[in-house]
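Structure first, commentary second.
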């Protein structure tokens with residue numbers, strides 16, 4: 001094991017020529033967090049006895065699902081083997097790898113000069129890794145291709161080294177082969193980072209400019225903002241200004257992560273560290289924003305800042321109505337740590353009080369829902385996720401619809417729905433079933449490339465609404481789990497969409513309304529009324545369940561009335577006597593039907609709205 005450097009330069013006085021900022025791009029489960037663990041051990045910033053697996057993934061849900069959700073930055077001192085005298089500072093920025101968090105990934109990449117492209121030697125490159133690799137190439141980062149898990153019996157390093165070399169445009173021999181688990185080759189990799197990743201370039205005497213690439217909420221210190229200094233220097237106790245909001249704060253503490261927080265007197269050009277200003281709301285320090293000094297500050301912000309826009313909406317309702325204040329408090333707390341989460345209160349006649357919540361994508365929705373249930377102990381019903389539609393009426397007015405109940409009645413000119421460009425990577429034998437699935441989901445083929453003789457990249461334009469429900473599950477089952485999917489929004493298109501309402505006994509039940517394509521509306525209506533017929537208990541009167549588009553009914557099932565045997569007391573006897581009793585019963589049922597109302601049991605809502613149940617019978621199926 002290499003010697004731990006004895007002299008580590010101060011963050012405010014480090015020569016930028018000795019700094020290397022890099023990140024690791026990898027697919028879920030390709031060993032990124034394990035590689036980060038080995039680097040922490042090799043550089044000696046974490047003692048052997050304090051080491052635990054996935055050291056940087058702090059949230060339980062991150063450790064359990066094996067995914068990274070929040071970016072982390074760690075300062076690692078390293079003396080390369082060819083030059084023991086010069087201690088270099090390696091800033092490793094750990095990025096989320098999932099498609100929902102692409103904006104965070106792009107900001108993390110903008111804070112680096114180089115990236116390690118980490119690929120599992122037993123599985124090869126996946127769609128999300130490919131998407132992040134293209135992002136890295138757009139940011140002109142130096143790419144170091146690495147194959148991990150070469151100690152696995154199933155590893156095929158030669159085959160995948162060739163695939164990587166073709167993608168990155170290097171020689172297959174230049175692809176490093178490491179095992180993060182055993183630590184094999186990790187020191188060579190760190191030497192290569194020092195040798196190949198360029199040093200940060202910045203003007204030391206210019207006004208300070210630093211880019212925020214992440215912010216987290218700490219219950220004791222408020223918001224901790226992670227920044228990369230581009231120009232100038234930020235010092236403790238000076239006043240700083242956020243360039244997108246114009247808000248000013250005092251720097252109470254500044255420092256670096258190694259991986260625990262170490263305060264310093266300032267951060268110089270090229271350094272990566274944290275700022276604490278005592279602010280209590282993450283939305284005050286937005287990812288991608290530029291921080292500068294209030295006195296003699298910079299006039300021009302760094303490019304690339306975007307406000308995160310929710311793509312998928314879902315209603316969250318507490319099972320027990322009295323939990324509503326707890327749900328509000330829980331969402332407030334989560335929003336402190338997640339600026340992309342938006343929500344507003346809404347009421348549903350069927351489900352009571354709840355919130356309409358906007359998410360970046362399906363994983364984001366899943367993670368938030370799981371955190372609400374686990375960390376705050378809430379039992380929730382989530383309505384089927386839906387996307388944002390733009391409806392233009394014949395009189396030219398425009399409506400934005402995030403909830404099926406907001407879909408306007410009357411004469412509609414056109415409806416716009418968001419579309420995404422999806423990239424699917426899969427073995428070539430599954431091309432047919434993947435294309436069939438995409439066609440049923442109203443997809444348009446954009447192109448197809450063979451990465452090697454047995455792996456193909458298929459590109460489709462698909463409506464986002466067709467993906468948000470169960471597309472990924474269907475894709476996995478059709479390809480025996482081998483396909484991987486990545487998507488990015490590419491605007492909107494006009495579609496013939498309609499709103500399907502479910503009527504119980506003539507009354508609309510808002511929780512079951514859905515916006516679907518005209519061709520799939522009939523199948524959706526038939527499926528839902530059949531399901532409700534099984535779930536709603538029989539009443540003392542007949543209950544029609546109807547699916548309707550506007551005033552046109554497209555499907556109907558009837559729950560027959562429970563009838564008492566009124567003829568039981570007639571032994572034999574006259575037919576007119578029996579007829580009289582039956583007529584009397586019929587009258588009573590008719591009166592009941594006039595005033596009766598149908599109670600939909602909670603289980604019926606849960607069964608219809610839970611996506612697990614609908615995953616088997618997706619909307620696209622006929």
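Quick reminder: no glycine exception, Cβ is built from N, Cα and C everywhere.
Residues annotated as domain 'tr-type G' in Swiss-Prot: 17-201.
Cβ-based neighbour count (10 Å, all protein chains) for residue 31 (GTP binding site) stands at 23. Reduced to three states, the DSSP call for residue 31 (GTP binding site) is coil. The GTP binding site annotation in Swiss-Prot covers 29, 30, 31, 32, 33, 34, 148, 149, 150, 151.
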GTP binding residues 29, 30, 31, 32, 33, 34, 148, 149, 150, 151: largest Cα-Cα distance, in Å and rounded to whole number: 17
Listed binding-site residues (29, 33, 148, 150), ranked by Cβ neighbours within 10 Å, top entry: 148
Averaged pLDDT score, the domain 'tr-type G' (17-201): 75
